[in-house]
Each structure stands twice: as structure tokens, then as C-alpha cells.
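Feature annotations, courtesy of Swiss-Prot:
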- Lys22, Asn23: phosphoenolpyruvate binding site (BINDING)
- Arg93, Arg122, Pro123, Val124, Asp125, Leu126, Asp308, Ile330: UDP-N-acetyl-alpha-D-glucosamine binding site (BINDING)
- Cys117: 2-(S-cysteinyl)pyruvic acid O-phosphothioketal (MOD_RES)
- Cys117: active site, proton donor (ACT_SITE)
Amino acid sequence: MDKLIITGGARLDGEIRISGAKNAALPILAATLLADGPVTVGNLPHLHDITTMIELFGRMGIEPVIDEKLSVEIDPRTIKTLVAPYELVKTMRASILVLGPMVARFGEAEVALPGGCAIGSRPVDLHIRGLEAMGAKIEVEGGYIKAKAPEGGLRGAHFFFDTVSVTGTENIMMAAALAKGRSVLQNAAREPEVVDLANFINAMGGNIQGAGTDTITIDGVERLDSANYRVMPDRIETGTYLVAAAVTGGRVKVKDTDPTILEAVLEKLKEAGADINTGEDWIELDMHGKRPKAVNLRTAPYPAFPTDMQAQFISLNAIAEGTGAVIETIFENRFMHVYEMHRMGAQIQVEGNTAIVTGVKALKGAPVMATDLRASASLVLSALVAEGDTLIDRIYHIDRGYECIEEKLQMLGAKIRRVPG
């Protein structure tokens, strides 16, 4: 297994380009299964989960055509099997996203129960109940979800999400795109990635309104056609590099991004003392060599502060002036990185769903281990400001969400290298 070795102390300075958003790319790739012709999706990030999804299509008999810029063409008409096998699904929770499109387009699907990050319980029952509301018959047996559409296909339905679920909203929205009649999804997720998926389906000829609000209305159409679509930028990658510059007292300009989908994070960075300027597709942050001030924050569904940026701000608070409380309301077990940060000298107390972080002047390099995707990013940020060397093990977690993290950080002046395990 690869490891990262980071020598702390370098002040980051420079410009980088932001990759496409994994959390938009995965549902958009799943939605290509709805089309009645070839679909091209561009600006895909070079990540393990993306290649797993493309490999899953290959297993189903579809032959994706990939160019060197990681734009992919998929023609779902060549599908031969409607099974998403466990050996692929177990490494990637997002594979549940093929369930809705396959039942809607082909009338049946068999998808293994998913794997992925070990955060909280993340139930799939909302996906199942939503499809059942549209008339699907579903059995869960032998670790597989087996779904069949009723004769004549799925029917539009009114469905209320009793908890806000991003993938649940996406799965039911995709299924509803080809269902007969109108579907109304209430208490739907409002994330920008949901909006991106709706825009993609509409680009294929779908009729979805209200994405980005908590009520989405979908009028099913008879068929969806070919389209060419570019995935939105990754707001979490954007935020992570902004925090990296902030913790080191440095300056960064992130390009090919969208400041409007990161407002809660930018507000907290300003509160921490950062100077921030934005343009249509760029954000510039400058700390002018200052140590950040600790901030209080509470994670909540979009447009509030994103849970996927929580760990990065614990790193910021760990070396900030003062004390900050971080309250996690989305997932349980999301403070796993705290115990690794203790090894570096961070002063963090966890009480239930709250981490109280008292900033110290300096962290110390230490061997640490990544536990999940965003937690591992926080260890990288802490290592950038720690005295001496930090060795981060199990970085396959990082590679699931960050494209070429060491190369991008090197471009900003970080002393970081990957060593084979």
C-alpha cells in the first residue's frame, strides 16, 4: 500500500486547477443508462471510484470509450446483463445509483448491497421505498437488492424522504425520469450535485424542475436521447486546497471552480482571518502569513456547512488561535481522524457529536493512518504545518476522492512525496 511522506513548514503559494466532482460524476455516469443512444460525459476526475463505475459498465456488456482527457462515451443499448456484482460494488457505495436507472430503463436490476467508507449506517432503505412507491417489486436476499418494474413500467409517485438523502434523491429522480406520469419528491436533497444530475437528465430530454430546492417535480418522458455533458467542479476539493493554504499562512488561487457552491465554507475561512477574492470560475485566498483564528461550525445539509469539509476545519482549528467547537449532525463516527491527530499533538476533545478543538502553536510530525476519505485529507493538512516528517499510511482512502493530491500540493510548494508500500 502506498504511503505519503510530508515534511511540514512550507507556506503554500500558487495556482491549481480543480477536478470534476466525483459526487456529481458518479450519479451522472449511472444516469447514462437511461439513454436510448450514446452519451458523452466530460471533466471526469481520475479517481478509483470513477474507474470502478466504468468497469461496472464493462461487466454489464457496455463498452465505454475513454479518451485521454478522461471523457467517456457510453452506449447503454449494448447492455447484456442487469447485475451489479458484489466484487465491484463492495468498494464503492455509489454503485447503488445504478438501481433506479436500470429498473426504469430495462425493467429489472440486481445490485449488491454497497460497501465504501465506514461512516455511520447510511441505509439504502430510502432507495428501496422510493422505487416501491413507483410500483417496483423488491426483494433483498443473499446480499443483493433484486428489483422488478411492474408491467407497463414504473409509475410516477409522490415520495417524502423522512431523512434528507443525496443518493436517495438521485436514485429516485433518475427512475422517475422514465416513469409514466408525474413524480414529486419532497424533503429532497438540495446539493449542487443533485442539480448537476438534473441538468444532465434534462440535457438528454428529461423534464425535471425544482432541483436545488426541497421539492423536485419530474414529469416522466418516453425516452431520453444522446447528449454531451461536462461534470461540475468539485467543491470539496476546492475547499480542501483553500484550507491547505489557510493552515500554512499561505496564498492559493483555485481555478476551474465555482464560488457560488461553496459559500458556507468561504464564510468560515473569512471568519478565520483569510482574505478571499472570487471571480466567475476562480477563488483566491491569502492569509498574509497569519495564523488562523479558531471557528465554530455545525454541519448540515446544503446550503449549510458540508460534512465533507468538517475534518479539514478540525485541522485548521488544531493550529489556530483560540478554541473552536465542531458539531457533526450528518454522520455518526465521523471523528475517527481525531485520534490520529492526537498523535501529532492536537488538543481535541470529542463529546458525542461535538469536537472541541483548542489550537496549539505547532503540531509534531508522526506516523498516522488514514481511516476514511475526508479524515485522511485532514491528516495531510495537519502534516503540512507539523514540525518534521509525517508518514500517512492507507492513503488509498485519499485516492478515492482527490486526484493527484501530492502533485497538486507540490505545485503549491509543499514537501510531499508518495512512496510505494
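Just so you know, the numbers here start at 1 and follow the chain as drawn.
For all residues, glycine too, the Cβ spot is worked out from N, Cα and C.
The binding-site residues examined here are Lys22, Arg93; by Cβ neighbour count within 10 Å, the least packed of them is Arg93.
When the alpha carbons of Pro123 (UDP-N-acetyl-alpha-D-glucosamine binding site) and Lys22 (phosphoenolpyruvate binding site) are compared, the span between them is 21 angstrom.
Counting only same-chain residues six or more apart in sequence, the Cβ atoms lying under 8 angstroms from the Cβ of Ile330 (UDP-N-acetyl-alpha-D-glucosamine binding site) belong to Thr299, Ala300, Pro301, Thr307. On the backbone, the CA of Arg93 (UDP-N-acetyl-alpha-D-glucosamine binding site) and the CA of Asn23 (phosphoenolpyruvate binding site) stand 11 Å apart.
Using Cα positions, the member of the binding-site residues Val124, Asp125, Leu126, Asp308 nearest to Asn23 (phosphoenolpyruvate binding site) is identified as Asp308.
Cβ neighbours of Leu126 (UDP-N-acetyl-alpha-D-glucosamine binding site) (same chain, under 8 Å, six or more residues apart in sequence): Phe161, Asp162, Thr163, Ser165, Gly168.
Most other Cβ atoms within 10 A: among the binding-site residues Asp125, Asp308, that distinction falls to Asp308. Cα of Asp308 (UDP-N-acetyl-alpha-D-glucosamine binding site) to Cα of Lys22 (phosphoenolpyruvate binding site): a distance of 13 Å. In this structure, the CA atom of Asp125 (UDP-N-acetyl-alpha-D-glucosamine binding site) is 23 Å away from the CA atom of Lys22 (phosphoenolpyruvate binding site). Here Val124 (UDP-N-acetyl-alpha-D-glucosamine binding site) comes close to Ile96, Leu113, Pro114, Ile145: these same-chain residues lie at least six apart in sequence, with C-beta atoms under 8 angstroms from its C-beta. According to DSSP, Pro123 (UDP-N-acetyl-alpha-D-glucosamine binding site) sits in a coil region rather than a helix or strand.
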